[in-house]
Every structure is written in C-alpha cells, then in structure tokens.
Amino acid sequence: MKGLVQFLVAKIILLVLASTFVHCYDPNPLQDYCVATNGTNRVFVNGKFCKDPKLVTANDFFYSGLNIPGNTSNRLGASVTDVDVRRIPGLNTLGIAIARLDFAPGGQLPPHIHPRASQIILVLKGQLSVGFVSSNDYNYTLFSKILYPGDVFAFPIGLVQFHANTGKTHAVAIGVVGSQDPGVIPIGDAVFGSNPLIDPKLLAKAFALDVNIVRHVQRVFSSEGYIVK
C-alpha cells in the first residue's frame, strides 16, 4: 500500500512538472488587462507596451464595423476584415481575435497558413467549401467540408487551409482565432511574391515547372498585394 501511495505521489509530481513546460502561443494575462500602446516609456510585455491602466477606457476594448460588407472587387473575389490587437488594443494578452470574411460568387481565400493560431469559422450566409491539409506525418491528408449558414469548422494551428465560395450568391463568415495577432502566410504570395523574389530556376525545379511559367506567376503575385486589410 505504501509503495502504491509513493508511486501515485511521484506520478502527480511528474505531471505538475511537465505542465510547467507547456508552451502557450499567447501567454496568459498577468493582470486584468494590458492595453496595447505605441508609447516607449512603459514596461514591455507580451509583444506590446501596456497603456497606463488609469488611462484605459471602454473604447480600448471596442470596434464597430463588422456589419459592413468587405470589398470583394479584387482578383480573388474575397475580403478579410481583421479585428485584432491593431484595431482593439485591449486584445493585448487576451489571445483572441475575430474577422469578417466576405466572398463574391466564385471568390476564395487561397491556401494559406496562420502560424500562431488555430481558427474556427461560422458561416452566416451562402455556401463555403473549406478545408485543411495535414502534415507529412499524416500523409498530407485533406479534411474538407461544404458549409452552409449555421455550420462551424475548425482549423488546427499552422496547417495549410483554404476557403472558397462554391455557391451562386455572396457568402459571409465570421472567423475567430486563438491569438491577438495570428499572422497569415498565403502560400502563393510567400513563394512567388516574396521580396526579393526567389530565384525562378529554384522554383522551376521545386515545382517541376518551366522557368518561364514561374516568371509569369511571379509577375502576377509580386504586382498584387494580399486581400487582408
């Protein structure tokens, strides 16, 4: 009996020690709030300077405008209105952000990655084809669904994902991410529109393409910015 108790105690201690090494992508707040400020005379924490708590107002936690449709008159036929720490400074250290996604018929957010956050989306209007691809550990498996109003889909952190309007009307969705600043890496923009450009000969070999095709694609991606506001 004594040996069993010692074993259980040792196991609990190991679990507690292991939990201290768990890494959070957005650290937990160390105070009630830590509103972002561009000032340089404050203590630097969690990636942003903190505003003097005595100067914080309700507006630091407020944004108005997600009811306004985004402009989908672009090459992709889509628009993302991000509401992250840059628009709501009170999100600093809270580990969340939200966005409105608008899609014209046939519009899409092409394959991209959020390097610092998992994501969940809720379709409000229209029809969306969404999905993500697993890593090489799981043989690049595609997980995809057709979503309709009221449907929800989750995307793991750091995996390639996409969203496309496969319906005949405009589509609208709300996306929530687990970071105040999740970042976005559109695969096409990063590979073919980097600054400076990657040597087209390297990309031609990597993607088994003619080098002239690579140069053409680079011209397309380097001349147009991504549609995230």
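Note that Cβ sites are derived from N, Cα and C of the backbone, with glycine treated the same way.
Per Swiss-Prot, the cysteine from Cys24, Cys50 that shares a disulfide bond with Cys34 is Cys50. For the recorded Mn(2+) site, residues His112, His114, His163 set the reference point as the centre of their Cβ atoms, and the other residues of that chain within 8 Å of it by Cβ are Leu109, Pro111, Ile113, Gln119, Phe155, Gln161, Phe162, Val184, Pro186. Other Cβ atoms within 10 Å of the Cβ of His114 (Mn(2+) binding site), summed over all protein chains shown, number 21. When the neighbouring Cβ atoms lying within 10 Å are counted for each of the recorded positions (Asn71, Gln119), the highest count belongs to Gln119. Of all the disulfide-bonded residues listed (Cys34, Cys50), Cys50 has the fewest other CB atoms within 10 A of its CB.
Cβ-based neighbour count (10 Å, all protein chains) for Asn139 (N-linked glycosylation site) stands at 8.
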